[in-house]
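Engineer: My structure is below; once you've seen it, I'll send some questions.
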Amino acid sequence: MFLMVEKKPVPEDWPHIVGDYVVGDEESPVAVVTLGSHMEDEPVKAGAAISGPLHTENLGIEKVVGNVIANPNLRFLVVCGAEVMGHITGQTMKALHSNGVDLETGRIIGATGAIPYIENMPEEAIERFRRQVELVDMVDVEDPDSIAARIQECVVHDSGAMEEEPLILKVPEIGKGDSEENT
């Protein structure tokens, strides 16, 4: 017997920050970043709400954070796929989730990537992201079956939506340029 967990309505325009991603069931508790690997819609078919690559450790991470906090149903972030050389986006995402950001410099604490700075987001957004999702570390895992199994495991352990409402960032810099380099 499945217990129904509480879900919240997802904002109509979610995901509102432009990027290279595929959207699935918006009420799913799972978001997936595939780092340097392109897995098309495989994570979404496995049950993820949103999935896409993450090439940069600054604007790309800001886009992920902005779209995650805008959907309170998201409770897991699966970080999988090949690490991006130089940018090291997987390690940077893990550092952001574990350590946050130096408020004076904007540098992600403990990140080893080339330019790990969050410049377009308030502290409130970063802290909300860190509270909202559990990070599932699958860096360097590219096997679709392993990733699908972990997504399903997260779906089974869904604790329901955050009590807080969606946090929609009105940051004009995020999403500008629209280029692949900024995903």
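Placement of Cβ uses the backbone N, Cα and C atoms for every residue, glycine included.
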Engineer: Looking at the ranges 17-33, 68-84, 102-118, which is given as transmembrane segment in Swiss-Prot?
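Structural biologist: Transmembrane segment, as annotated by Swiss-Prot, spans 102-118.
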Engineer: Tally the residues of the topological domain 'Cytoplasmic' (1-101) by DSSP class, grouping H, G and I as helix, E and B as strand, and everything else as coil.
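Structural biologist: Residue counts in helix, strand and coil order: 26 helix, 16 strand, 59 coil.
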Engineer: If you run through the topological domain 'Extracellular' (119-183) with DSSP, how many residues end up as helix, strand and coil?
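Structural biologist: Counting residues per DSSP class in the topological domain 'Extracellular' (119-183), I get 26 helix, 6 strand, 33 coil.
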